[in-house]
Amino acid sequence: VSVLLLFVPSVAAANDLPRPPTNGDSASCRNDFRSVKVKRWINGVENEGIEGLSADFGSTLPTQAKEAHRYSATFTNPLDSCVSSSSKLSGSIALALRGDCAFTTKAEVAQAGGAVGLVVINDDEDLVQMACGNETSFDISIPVIIISKSSGEELKKFMDKGAKVELLLYSPNWPILDYSVIFLWLMAVGTVVSASLWPEITRSERSNEYYNEVPHYQTELYSLADEEEKETFHVTAKSAVIFVITSSSFLLLLYFFMSSWFIWLLIVLFCIGGIEGMHSCIVSLALSKCRGCGQKTVNLPVIGEISIFSLLVLIACTIFTIIWASNHKASYSWVGQDVLGICMMITVLQLAQLPNIKVSTVLLCCAFIYDVFWVFLSPLIFHDSVMIAV
C-alpha cells in the first residue's frame, strides 16, 4: 500500500489538469489547463527550456515542437498589458506581468496589438490557473500561458541587455503514468538497499571461507573487530537537529545569493563527493573479488603510499567526473549525475548510522517540519516558497 501511495502525487502531476467549472462558462472558456514547454533562443543560440501552464481560454497549442513556430518575444508597454501597448507586438509573442487587470484583458490587449501569443509572468514561482472568471464577452484566438517569476526575470535580463529572445510554445501529451518517476523511485530504493547490503556484497569470498572454518565465538570477535575498524559517524538527537538547522541555513544562502558562481561551487562540491564515493565503491567491490589487486603500492610525494590499483581508479573517477561537469547541461548528463550521486550516497550511508529509534524519530520529525515550513509556510515570511524558488 505504501508503495502505491508514493506514486499517487506523481501520477497526478504527470497529467494535465482538468478545467474546473467557472461562472463564465462559455464556449471560449473550455480549455484544460495543460503543461506547456517553452523553448527559447538567445541571439540565435538555443538555451535551456522553461515550463508554463496554459489558460482555459484562447487557442490551443500544438502537441509537438515540430508543429509549432518560433517567434521573437516582446514586452508590452506598459508591462501589465492592461491598456493598448506602445510596443510593436505584431508577429511576436507578447510578454506581460501579472496584476492590475484580468488575464482575459491582457490577452485582448495583446491580440489587438497583433501578437501571436501571450506569456504572462507570474509574481511568484507557482504556475496559477488562468481562468475566465466572470468574463464571457470576448473572443481570444491566440494562445495564452503563464510562466514563473524567475523564468520571466531571466528573459527580461537578456532583453534588457539588447539580446534577441525567440520563443516556441507547445504542449505535449503526457502519459497517464510518468514512467520516469517509477525509474527514479527504483533508483532511490535500490540505492538504499545496496547501501544496506554493501558490507555483504563487498565481503571477500576468502573471508567467508575462513569464517566458516573457525569456531562460532571467534567469528563474532572478528565481526566486532571489523565493525570497529570502519569509520562510522553515529547520529545523535543533537546532531539531527543541527543537521536540519544547517540545511535551513544553506537553503537561505541559495535563496538570497543564487548566482552562476554559487551554482558552480555546488557542482565542484558534488564532484568532490562523487569522486570519493565512486572511488570507494569501485575499490571495495574490486578488492572483495580480487585481494591481490591492492598489493602493489607506490609512494607519492603528497599522498604518501597508495596502491597502484587505487590510484588508477582515482584517476579514472576524476576523468569521468570532469567529463560529466563539462557536459552537465547536456540531455544525457543525467546518467553521469545519477552514477556519481548513487555512489556518493552508498558511501555516506556506510559512514552515518542511526543508533536507535529515538534518534531516527527526532531526525525524521525535524525533516518533516523542515519540508513543511520551507515549502508551505515560508511564503508568509519571504513572499515566496523558498524551497520551490531554490
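Cβ coordinates come from backbone N, Cα and C, glycine included.
As written in TrEMBL, here are the features:
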- 82-155: domain 'PA' (DOMAIN)
- 179-198: transmembrane segment (TRANSMEM)
- 240-257: transmembrane segment (TRANSMEM)
- 263-288: transmembrane segment (TRANSMEM)
- 300-325: transmembrane segment (TRANSMEM)
- 331-349: transmembrane segment (TRANSMEM)
- 361-382: transmembrane segment (TRANSMEM)
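When Cβ distances are compared across the two stretches, the transmembrane segment (240-257) makes no contact with the transmembrane segment (300-325), since fewer than 3 pairs at least 6 residues apart fall below 8 angstroms. Taking H, G and I as helix, E and B as strand and the rest as coil, DSSP gives the domain 'PA' (82-155) the counts 17 helix, 14 strand, 43 coil. For the transmembrane segment (263-288), the partner stretch with the most Cβ pairs below 8 Å, chosen from 179-198, 300-325, 331-349, 361-382, is 331-349. Nonlocal intrachain contacts for the transmembrane segment (300-325), taken as residues 6+ away from its ends with a CB within less than 8 angstroms of a stretch CB, comprise 267-268, 271, 274-275, 278-279, 282-283, 286, 293-294, 333, 336-337, 339-340.
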